[in-house]
Amino acid sequence: MLKDLFKKSKYATVNPSAYKSKVVEEKPNIPSGMWTKCSNCNSMIYYEDLENNKYVCTKCNQHFRISPKERIKQIFDKDTFKEMWKSLKTNNPIDFEDYEEKINKSQSNTGSKEAVVTGVGRINDLEVACAIMDSFFMMGSMGTVVGEKITRIVEYATENNLPILIFTASGGARMQEGIFSLMQMAKISAALARHDEKGLLYITILTDPTTGGVTASFAMEGDIILSEPNTLVGFAGRRVIENTINETLPESFQKSEFLLEKGFIDSIVERKNMRAYLYKILILHGVNKYE
């Protein structure tokens with residue numbers, strides 16, 4: 001009896017490594033790319049739901065950045081968009097170090113030669129010329145080829161009496177091309193002035209982000225200026241301005257809603273309504289059906 005009082009209890013032992021391996025084995029196998037995170041509300045969104053909602057957050061209505069290919073799919077009649085000057089590609093006019101590598105990387109990532117797609121297409125059978133900037137290609141920065149392609153499509157619209165739509169999405173002039181990139185601001189604006197002299201319609205649609213030299217030139221020259229919700233629109237960065245004027249800017253500063261309030265843009269249009277809204281504007285301005 002006394003022996004039993006001082007007898008050690010028997011304990012079961014667990015092998016931690018065996019338990020750990022079992023837990024690993026039981027983890028669900030979730031394929032990558034099924035979910036994505038909203039940059040605005042941090043919600044996790046099922047990618048298929050996002051795609052079906054035109055890449056707009058189903059929780060907070062944040063408009064995700066989209067490629068020109070997706071934009072064409074959403075705006076134009078099926079199989080009517082014809083891309084023009086697709087083969088134009090950038091050289092290195094000022095021999096900027098590593099510039100070719102950055103271009104090659106962007107081309108590989110996006111499948112595009114440059115940061116803008118230009119061409120003609122139809123919206124409910126109304127023919128328009130169009131330029132769509134690509135924020136995924138070096139942040140949509142404007143170099144010589146971007147400037148040349150936009151100028152050419154504006155000139156094509158002028159010669160063929162077509163309205164022109166430009167979807168802007170850019171970080172501004174491309175620093176790797178120096179003064180040559182800045183020259184594109186005046187070049188595009190001059191082409192748009194000739195388009196305007198013929199009494200033709202020019203609509204700009206500001207998408208996130210629209211900044212720098214693009215904002216300072218053709219983005220704000222439209223006869224009608226539209227924007228997607230919560231779009232960043234500005235010239236210099238917020239911190240640069242605050243440090244220059246030594247003041248704290250409003251939270252909504254450089255957002256499309258702020259610009260609408262101050263009269264810089266005409267309307268904020270949600271992506272799901274953009275095609276119908278553009279069609280109404282084109283009809284009101286007497287754009288004829290495609291023949």
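One-based numbering along the chain as shown.
Glycine is treated like the rest: Cβ placed from N, Cα and C.
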Tell me which of 38-60, 199-221, 222-244 corresponds to the zinc finger entry in Swiss-Prot.
38-60
Tell me the coarse DSSP state (helix, strand, coil) of Cys60 (Zn(2+) binding site).
coil
Apart from the site residues Cys38, Cys41, Cys57, Cys60, the 8 Å Cβ neighbourhood of the Zn(2+) centroid comprises Ser39, Asn40, Asn42, Ser43, Ile45, Thr58, Lys59, Asn61, Gln62
Which residue, of the binding-site residues Cys41, Cys57, has its CB surrounded by the fewest other CB atoms within 10 A?
Cys41
